[in-house]
């Protein structure tokens, strides 16, 4: 009788090993969902965003500049250049900072997608490292970025002609395959992180002064990334996906937190700068020839070799 009474008072204990195997799993998933809803808004990650912007400017934007500034005697053409070492550091530091951003997200994000994206990012950036290293070394031999591979004076007369095919393959790895495997996972990770940057409290949807100041160099760097990387389609798709997500979440009375606003405003500034850049060079006949088609977004280094370095 006492045992029966105890079983009636604690029905869960009576189930013991006979309880449904999925019950605890469903309960855990339900608890995890509740925890995501109840979690507070993350503060602005000033340290991570500052390091992220700084290393982008120094290790990515500054990479080709360092290759031109440092004496050639220090880094012979048959050895890695200072820009190559910058690129190696970028390939290590950037994935690390992206993972730290994901760790600080107040929401549970798809880890498997993040890990596969990071692996693909590192592989694509490493492919680009090799191709970009050779292409920038060709500048010292008279290679002109505003011309196609076959139209370049130092390449078009190579013999046998199959050598030209090899240089075109190198260009393909650098500008197409490397960029695709580098930038697609990069923007995918940023978008996944952005999807977790929403708060139910409108008062928390604001940016501190430091974030506003940091958004300007961040947006300017993404302008360089979009134009030099020739990824305008990928960028505009990501930006409009972010905009659509903001409008969708607004219906649920969810608003961007400071980190989401920082990323969104940085991309908005980038879009404005790209539009101004294209408008400025819209009627350039030489660049128009290199970038035919509907989408015309000249590369900054093509502009440099055409209008700056070619001056007497």
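All positions are counted from 1 along the displayed chain.
Heads up, the Cβ atoms here are built off N, Cα and C, so glycines get one too.
Annotated features, as they stand in Swiss-Prot:
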- 1-10: compositional bias 'Basic residues' (COMPBIAS)
- 1-22: region 'Disordered' (REGION)
- 57-77: transmembrane segment (TRANSMEM)
- 82-102: transmembrane segment (TRANSMEM)
- 112-132: transmembrane segment (TRANSMEM)
- 178-198: transmembrane segment (TRANSMEM)
- 205-225: transmembrane segment (TRANSMEM)
- 226-246: transmembrane segment (TRANSMEM)
- 261-281: transmembrane segment (TRANSMEM)
* Structure fact -> Outside the transmembrane segment (226-246), at least 6 residues beyond either end, the same-chain residues with a Cβ under 8 Å of its Cβ set are 175, 179, 182-184, 187, 190-191, 194-195, 256, 263-264, 267-268, 270-271, 274, 277, 295, 297-301
* What stretch in 112-132, 178-198, 205-225, 261-281 has the biggest tally of Cβ pairs under 8 Å against the transmembrane segment (57-77)? -> 205-225
* Structure fact -> Highest Cβ pair tally under 8 Å against the transmembrane segment (178-198), stretches 82-102, 112-132, 205-225, 261-281, lands on 112-132
* Asked: Taking residues 6+ outside the transmembrane segment (112-132), which of them lie with a CB under 8 Å of any CB in it?
  -> 83-84, 87-88, 90-91, 94-95, 98-99, 102, 170-171, 173-175, 177-186, 188-189, 192
